[in-house]
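Novice: Pulled these features from TrEMBL for this protein:
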ACT_SITE  Asp8  active site, for RuvC-like nuclease domain
ACT_SITE  His582  active site, proton acceptor for HNH nuclease domain
BINDING   Asp8, Glu504, His723  Mg(2+) 2 binding site
BINDING   Asp8, Glu500, Glu504  Mg(2+) 1 binding site
DOMAIN    508-664  domain 'HNH Cas9-type'
Amino acid sequence: MKYAIGLDIGIASVGYAVLALDHEENPWGIIRLGSRIFDVAENPKDGASLALPRREARSVRRRLRRHHHRLERIKNLLINTELITKDELLHLYDGNLSDVYELRVKALDYSVTNAELTRILLHLAQRRGFKSNRKSDANDKEAGQLLEAVSANTKRMQENHYRTVGEMFYKDDLFSKYKRNKGGTYLTTVHRDMIAAEARTILEKQFALGNDICTQDFIDKYLSILLSQRQFDEGPGEPSPYAGNQIANMIGKCTFDPNEYRAAKASYSFERFNLLQKVNHLRLLLEGKSIALDNEQRKKIIALAHDKADLRYSHIRKALGLDEKVLFNTITYNDEVSVIEKKTKFNFLQAYHQIKKVLAEDMQKLTTEQLDNIGQILSTYKSDNKRTEELSALGLEKKIIDALLGINGLSKFAHLSLKALRKINPYLEEGKIYNEACAAAGYDFKAHANTQKTELLPAYKEEMDDITSPVARRAIAQSIKVINAIIREQKCSPVYINIELAREMAKGFDERTQIDKANKENQAKNERIMERIRTEFHKSNPTGMDLIKLKLWEEQDGRSPYSQKAISINRLFEPGYVDIDHIVPYSISFDDSFKNKVLVFSDENRDKGNRLPIAYLQSKFGAKTAENFMIWVQSNIKDYKKRQKLLKREITEEDINKFKERNLQDTKTISRFLYNYINDYLLFAPSDTGKKKRVTAVNGTITAYLRKRWGINKIRANGDKHHAVDAVVIACTTDKMIKDLSSFSQYHELEYTHTDKESLIVNSLTGEILKRFPYPWEDFRPELMARLSDNPADALRKLNLIFYHGTDLSTIKPIFVSRMPRHKVTGAAHKATIKSARCLNNGIVICKTSLQNLKLDKEGEIANYYAPESDTILYNALKERLRAYDNKPAKAFAEPFYKPKADGTPGPLVKKVKVYEKSTLNVAVQQNTAVADNDSMVRVDVFHVKGDGYYLVPIYIADTLKKELPNKAIVAYKPYADWPVMDDSDFIFSLYPNDLIKFEHKNGVKFAKVNKESTLNDFYSTKSDIVYFKGCNINTGAITIINHENTYVVSSLGVKRLPSLEKYQADVLGNYTKVKKEVRKPFR
């Protein structure tokens, strides 16, 4: 059977639909539909990369390793030069020792012992100050703060005539409390050269005072180790996978020439390439006509782009001497012309102007080739040393190189090489557009003709590296899995695939958060309006149309824009009184947005037909009425976009193309990537109708409109099935559907102007008059609702649809949402907070906590405060402060808290105190003197003891590093020591998050609704169900489960006494099967 696929792709979901095609290759039935759900590939709290903790931990380990290695080399130097022996070094810090800062000052004037000098030299190596690898750090905000502190300390030394850093730290009151940075400040940061100068001064003085070891050779060797630092561009040493210049290693190959590396976006040739394309696409719009720029105008804009770093369209208008009626085709005018043109940038030579700013008149000395190489070098290398080396190879003067070192922020790379750009740019200079220039240069601009197509989509191709967003990459990877699973199941290729990517796919975390916030605010506002309609206008079940009518009535100040007559609010919801009209006819614009709608009298809507407002008014009432309308619009319609639509005089061919591009097609970068990827690599089924367009990236605007008109409600809070529904709509959004939709809209726009049968609009396939809204096929909606039901076989049996004749309806199962399991076994072995293990035998650990976390318990004592008797004055003072602020610690300790002395005067500042907490499972650290909480639980191993029940053994990341798996099973509310040891023969299976299980319960399990905004029942109970495992609580021994749609949850299901607990496995399409007994898998 020939079929098509529809995909609704979001950042955490892929809805899919497989539709059967008729002999004309139009949809006519649903083969299957469903949803694939996965976690967003980012930190859900702040949108940070999931790799960030690992990267930061690796960086800390590397820094500590290098620090330790530096100290070891210095110790070896001290031993080899006989400044100190190994034995003396081992006991260097025994006994009562002088303050090392005092020793650093003493060594400036007096002889110190070898042991004291060793302490000084090791201390300097441990606190060796800051040194940047690059000048451009001064432009970085955090680095700038650090450098400000360095500058301030340098100035303080000079003004107070301190000889060394050690002397300043020892004598200056500013450093009397702290000599190390605290709380993210850089108070004690100094430059490394200052530390090196102190080391040299001390060693030279000690040599002068008779220490023969402190020779110039010794000083040079010591300083060589002290000042050693890897360049950023070197990375770690071999054999680390991160060795070498990681940026250079990640530069891809040219789209047109696979033997050439891609050019930096900061290279002049690429920036000019971009500029020329933008100039060549620029058109001037005047009275509905689109006018191309002539050569002189193009040259003026190009020259202006080189002259002005911050070029705006207002500058271009002035340079070209354009009339105020002329508009630019590349601007969306959603405000006054002058305002929007001053805001809108035309900056495509940003790196060029950065270089020009620092070089000034020296810019003229550089050739195009040198500018290209400068952009390449500044994007590829980040350390001053490497940049200087590469820039010097270009034959640049030293002052030019020094100036260029201050440029930062250049890092991205284009899709073309410098070689390709230099071939293409001359043709762009002639005014050719991109595809023409590529063809003239001998390139296929589509670059898709020679790819090898296969029945299944490859999971990876090199161009995937162009998608740098982890969120998008996971969504694309899951989409490919869904497509391949469908093809395997259908045992043949699809005829076409329609895709729609959520608009949030192209947004960052902060943008998505803001959009979500705005959506919720808009929903709340709409609900308030609905409530007003219910109470004020006594309409018990207001519709979305009613809501829009009231919003438009208020926006228009209660008047019809077409006649300026007052619209009675008391008759607002009366049938046949007023209509909502599309300003630019929907049959042409496909724009159903609020900005394209006005509230008018019904007879005005009928008379207007499919014309623009001005054309209708001029034709019906004459120029004077049209002029009054324009004056009213200018004075009363505040929204600029709506005002522009109302004042539009004609619709050009360019307008129609823009309408289609904006409202029918999805042109997001990621959408284009997936569109090309499927087109390039997937083998489609032969088309009987000669269909050429096999992949369509559908715009969400049109599918939202179709879904609304087809009466398909979308309640996100009601589970994950809605993704499948969207996919059906997407699959049905074909060229034929768009044509029929346009015809239907045109029919109703002209409904009252038809005079003969020939003028009626007909169905593009059947020839029938389109008097009702077009559906993909007869009984489309009933069939869809049946397939969404909990018992589709029974629902379809009642419908008795032709499509299912000859089909065994018992094989049609309800949608089962597939969730991506998390089998990840990597991560941190334990949490970062280290806790004392001194009371571990009592089942508690001790740690420090901020005063803002303290709270009084029911007895009026500070909860979990450790050993209050050890300092009763401090404890009572803290308790009184909490009582004074009504047990609100945030307010109580908003101001600094000082421990009172015995005489009542303020003592030292207190920020943290010790508290205790219960600890069941933890990780021993620091030679078993302390513990840390386990990090993530990787899985739970399930055992079944005959006659006793089910037991759970938790496996943490720390356990994966051990030779043997833990065998102790959870017992509710019991310490770890009391947990029983399991026999391996009783093991039945392991559970990872999102694994599928089936349980049976004697009395039934009560599921609670997950989302409060859902319209579903608050609870439901069942004695048996197939559900997803989410996690395990080691205190209670219970598990958390959700139903497959994630609409209901059981937060604590005890498993020990369950009559049955089985593991199942769900594939990408939600087909599930029972898993036989597993073999317990170790990690080592």
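For all residues, glycine too, the Cβ spot is worked out from N, Cα and C.
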Novice: List the Cα distance (Å, whole number) between Glu500 (Mg(2+) 1 binding site) and the residue listed as 'active site, for RuvC-like nuclease domain'.
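Specialist: Answer for this pair: 5 Å between alpha carbons.
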Novice: Excluding near sequence neighbours, so keeping only residues 6 or more apart in the same chain, what lies with its CB under 8 A of Asp8 (active site, for RuvC-like nuclease domain)?
Specialist: Val14, Gly15, Tyr16, Glu500, Ala502, His723, Ala724, Asp726, Ala727, Ile730
Novice: Could you find out if DSSP has the residue listed as 'active site, for RuvC-like nuclease domain' as helix, strand or coil?
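Specialist: Once the DSSP labels are grouped into three classes, the residue listed as 'active site, for RuvC-like nuclease domain' ends up as strand.
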Novice: Quick one: among the binding-site residues Glu500, Glu504, which has the most Cβ atoms sitting within 10 Å of its own Cβ?
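Specialist: Highest number of other Cβ atoms within 10 Å: Glu500.
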Novice: At 10 angstroms around each C-beta, which of the recorded positions His582, His723 has the fewest other C-beta atoms nearby?
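Specialist: Taking His582, His723 as the recorded positions, the minimal 10 Å Cβ count falls on His582.
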Novice: Could you round the CA separation between the residue listed as 'active site, proton acceptor for HNH nuclease domain' and Glu504 (Mg(2+) 2 binding site) to a whole angstrom and send it over?
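Specialist: Checking the Cα atoms of the residue listed as 'active site, proton acceptor for HNH nuclease domain' and Glu504 (Mg(2+) 2 binding site) gives a distance of 27 Å.
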Novice: Could you check what DSSP calls His582 (active site, proton acceptor for HNH nuclease domain) once collapsed to helix, strand or coil?
Specialist: strand
Novice: For the domain 'HNH Cas9-type' (508-664), what's the model's average pLDDT?
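Specialist: The answer is 88, the mean pLDDT of the model over that range.
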Novice: Residues near the Mg(2+) 2 site, Asp8, Glu504, His723 excluded, by Cβ within 8 Å of the Cβ center?
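Specialist: Neighbours within 8 Å of the Cβ centroid, excluding Asp8, Glu504, His723: Ile9, Gly10, Ile11, Ser13, Val14, Gly15, Glu500, Leu501, Ala502, Asp726.
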